[in-house]
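Some notes on the structure that comes next.
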Amino acid sequence: MAAACGGSLEVGAEVWVPCKDEVWRAGIVVDFDENDTIDAAPFGTPRGSPKFTVRPNPDAGPSPSGTPRGSPKFTVRPSPDAGSSPFGTPRGSPKCTGRPSPDAGPSGCVVVQVASAAGRNSLSAGKGGRGNPSLPQTERVRVSRRSLADRQQLHLKNEVLRTRTGALGLHDLGHLPLLHEPAVLQALQLRFQADVVYTLTGPMLLAINPFKLLPQLYGPERLAAFAQRAAVVPSNDNSDEQARSQNAEEPHIYGVAMAAYQGVWHRGKGQTVLVSGESGAGKTETTKFVMRFLALAGTGGSESSMSAVERKVLDSIPVLEALGNAKTLRNENSSRFGKYIELQFRPESAGAAPRLVGAHTHTYLLEKGRVIGQQDGERSFHIFYQLLEAAKKADASVLSGVARGKSPAHFAYLRGSNCSTLDSGCLDESLAFDETVAAMRAFGLSDGELSDLLSSLLAILYLGNISFVTPSTNSEGSEPALDAESGEAMQQACEFLGIKQAAMAKAWCSRTMQAPGEGVISMPNPVDKALDSRDSLARHLYGAIFSFVVSRINTAVSNRSGGRASLAFVGVLDIFGFEFFANNSLEQLFINFTNELLQQYFNEVIFEHEADLYAQEGIEWDPLDFPDNRAIVDMVGGKIPPGVLPMLDEECMTIGGNSEQWCSKLQRVHGASQHFSLAKLRQTSFIVTHFAGPVEYASKFFVEKNRDALSSDLVKCMKDSSSAFVRQLFQEQERTFGTKESVDAQTGARRMARARLYTVSSEFRGQLQDLMERIRATEPHFVRCIKPNATSSAEVFDRRSVVQQLQYQGVLQAIEVSRVGFPVRLRHRQAVLEFRCLARSAAERLQLESQCARGQFAFAAQQLFRGLSEEGIGADQQHKLPSNTWAVGKGMVFLKQQAMETLSFSLSRCRRAAATHIQACWRRWHRRRRFLAVLRASRRLQAASRGLLGRRLEAAKRRARAVQLIQARIRGQRSRALCRRRLHALGVIQAWSRARHLRAWLLRLLAASSRLRRWWRRKISALRAWRQGMSAIALQRIWRGHMGRCAALRQVEALAKRQQAARRLLQRWREKVCFRLLEKGLDEFLGQADPAVAAAKVADRLQDVSDGKLHATIGALRARLVHAEREAEMLRREEEVLRLHTLELGRWTVTGILGRLVGGIVDGVCTTLQALHSRFTERSLPPGEDQLRPPEALQALHNRFPERSLPPGEDQLSPPEDAQFAD
């Protein structure tokens, strides 16, 4: 609702002014000018001295686009040069009287003061510094009042949107008293900056893509809370409390899904959630959230309780994204097709929450042209890149026959855009492919079907590498090129499709025709026709694969056993938003026509919503003409007169029809329509004025794209494929690619005949008609997705882009429709509290206060507005409120624009009068307070002055006495100062004389010290040189000593190692020699009773032994002797210990005890034992004889061979040279 009339404008009113950079700029009305001409000065130049300056509001936060954030960034302050006024208006200015200028008629201008671009820059720069921000510069905008009613150039501000808190608390923009474009834009920006991305506008939810993660917004707890609220039956109460509770609930996409779920559950009606928006606005993610909520609503929000069907429904999302989504310039995961998903529900028991039991997907407008080419910076469908990435490490059973090591650069269909990866880098293509394959398997695709499907996708890529050349024998024909790349692509594509290369080449390079009287003839295709035929096959093959996957998904998850109407469903529509590019073709016309139909349906819903609101409120109203786009819909798709699309179908039926002729026919039929025109400089282009704005379409290739024909030769070739999967793809029921195959019943011969005319337009309009029938049979829920900026950046809100999207998506048109009757709606309480001051008398105002205190706001509103209409407004009763401009309903007060303007003007006048009275009272109190303060101050000044005079007289007497004393003191000081100066002068002279002599002596001393320093430096240098030489000699000596000690230490270590080795060898050699000599018969020799005999035998045995061996034997025997002695000593110790133990044990035996009792018997036994022991001792050898024999034998040997003994210490030397070391 615009402030179109100047009656509602007054000086100081805050308004929105249109501008180029920010779309709308905040300003304040400062003046009314009778002159309707614009100044000669440039736009924005202040006229003279500004009467108002715009100061930054310290409570407002920063805004990236320079618009108010939270609270208005600019507040009006009076200029210092213009005086001051309590109201902030210039004092003494005749034009600024606080009311509209009566002399400023419709021909005048409204002067609005706003912040200029330089001012906004200075303000933003000042906020970043530490000091005070510099004052922003301002400019004045002059708006002609004559054009206000036509173009609505000024809009009043809403009080609730002055602060961020008010914007955040207003969840439904339909509750705004003044609902217009700048109000919607301001509310959306304030909420977006606070990370509140959802806003309601009547029955429509606006969702702004934040381009960042908001986990608290979509967590499991949030979903479970909405799922629990779905069980509550919605109330139809329209009271203030109900409205406040609904407004207190923050809007959410789960809330829209919950409303749809409640419609299925509690009312048993079909529902539809219509999600629209431009690419990158978040349509796909919004659709995911809706489907996720509907799949989990029946389980209470718990994923663990989901059924297999519910999981399959969610698993269908990545499959459709892989096959139907691609990267565009605006979005990395843009849906290149429209889909309508019917989520089917059925309760498990009576009264229980319905569960998701199936889903059926309808697809529309698949962008098949993306398969053969893309714009620079875009990609083809995701499945191709996932396939190539997964081929490096995928399962061979799934990707059998796939050439590994291929990248998108190897295929012409993918390398045209020079973009093969996603900018975000957050998607792993191989993992996404694994998810897609797993989901396809879950939908019942076997490994064989999956392998055939992937092979067909790879065949599409190889088709793009096939090239054609002109044969030398026929300049009008074509044949496949024989180069390496084309030959390999031809072989791989035919192998994957199960078709012979010759048959494929023939289908591309020639065409068969039925000539009258001549039968079937074959005509060659030129190179360009062959390439078109190749691309057409690639497009149709991909479209058939997409349709096959969708049908298999529907077969797996759809539940239509009981018929279509047996189950309640929630339809989710995700389709393209309004599109316009630099070059718009047939696809954009289809998309925009779809949006025209959806906008027409949306207008009808809004109009019905308004009618229901008036009916619920009990208000009688006459439906006025509201904005309708039926004329555009009829012009594009109507039949009488034929619309643009039906005429395109007729042109396709015409022999030799082309786009130029079709464009001329459009001009003849629709040239008089205000919604159609031809481009002036481009005769083959035409312009259609849609509800969102004019769009220019280039008609070139419209006819060819609409035909989208696949030759009968290619169809027959594909049906003859050896692959059952490929044959199945080309056996569609309703479409036979422009041809129809018939079989003769008698001969069985197959014949290709022309089928009914097929065009893309007819198929599209049929699908669109079916879609609209489905939607109209359900209760709609609208979601409009908005992209805040073109760069997909977080925290950036581009006002111009958002306004364009609001316009293209019909949001602003919906606002215009919703406010066509009574544009201003106020709750009873709000209206009474706002306008109760306009009552005629104080008694009426008191009565209204009493009714408000009792909560009777409806009765108070009725009484208030009846009085304003019958008796007049205010005490003077100068204005009356027309009875047909207001209506009091059951819950709200409805006002027309005229009534709102009259009430606003009267309210402003009443407030100004009250303000004047308040000012008078305040000035009287202020002046009296000032007079009393001056009186008290004068009395204090008189007392202070008397005391001051007395103190001054006494001070004069004290000064006279002090003068004499000071004079005496000064004379004495002067005499002493003169004496000190003389003494000081004498001292200075003496000091100068001494200094002169000392200076001469110092100069001589400095000269001598200089010579002494030079001599000392020479000495020090020589001493240092000598010390360095001596230090070098000492270092050399220390180093040589160290090196010598190290060498000696190494020699000693080496000698010790050699001696140790020699001792070890000598010991081993002695043991070996002793063992050889004495290992036999040694015990026999030592066991002889006669030592002489034993010595003789040993001597005979050793007669021929060398001296070295004898010495070795002697050393070994000595070692054995030492060892034997040690063992004998140990045995004796053990024998003694045993004997002591025996004696000890004997004392405690029975015999010992009895022996002590019978002493005599014990003595006899002891005597007998002693005698036996003596006898045994005489027979045994003398003690130690066995230990003496070896030494005696050795002594005998030594005595016998004294001359052969070795010198002392020779046994430590190495063995003799004749020693043998055998074994």
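Yeah, the Cβs are placed from backbone N, Cα and C, and that goes for glycine too.
The shown structure was predicted, so the numbers you read here are calculated from the model rather than taken from an experiment.
According to TrEMBL, the protein has these features:
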type     : residues                                       : note
BINDING  : G277, E278, S279, G280, A281, G282, K283, T284 : ATP binding site
COILED   : 1114-1141                                      : coiled coil
COMPBIAS : 62-72                                          : compositional bias 'Low complexity'
DOMAIN   : 168-912                                        : domain 'Myosin motor'
REGION   : 39-108                                         : region 'Disordered'
REGION   : 120-147                                        : region 'Disordered'
REGION   : 768-790                                        : region 'Actin-binding'
REGION   : 1177-1223                                      : region 'Disordered'
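Annotated features taken from TrEMBL, shown on the structure.
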{"residue": "G277", "record": "ATP binding site", "contacts (Cβ under 8 Å, 6+ apart)": "A207, K283, G577, R784, C785, I786, K787, Q805, Q809"}
{"residue": "E278", "record": "ATP binding site", "contacts (Cβ under 8 Å, 6+ apart)": "R330, G577, F578, E579, C785, K787, Q805, Y808"}
{"residue": "S279", "record": "ATP binding site", "contacts (Cβ under 8 Å, 6+ apart)": "T328, R330, N331, S334, F576, G577, K787"}
{"residue": "G280", "record": "ATP binding site", "contacts (Cβ under 8 Å, 6+ apart)": "N209, T328, R330, N331, S334, K787, S792"}
{"residue": "A281", "record": "ATP binding site", "contacts (Cβ under 8 Å, 6+ apart)": "A207, N209, G577, C785, I786, K787, Q805"}
{"residue": "G282", "record": "ATP binding site", "contacts (Cβ under 8 Å, 6+ apart)": "A207, N209, C785, K787"}
{"residue": "T284", "record": "ATP binding site", "contacts (Cβ under 8 Å, 6+ apart)": "E321, N325, N333, S334, S335, D574"}
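Report note: the ATP site is defined by G277, E278, S279, G280, A281, G282, K283, T284, and the residues of the same chain whose CB lies within 8 Å of the CB centroid of those residues, excluding them, are N209, R330, N331, S334, G577, C785, K787. DSSP states for the region 'Actin-binding' (768-790), grouped as helix (H, G, I), strand (E, B) and coil, give 9 helix, 8 strand, 6 coil. In the predicted structure, the domain 'Myosin motor' (168-912) carries a mean pLDDT of 81.
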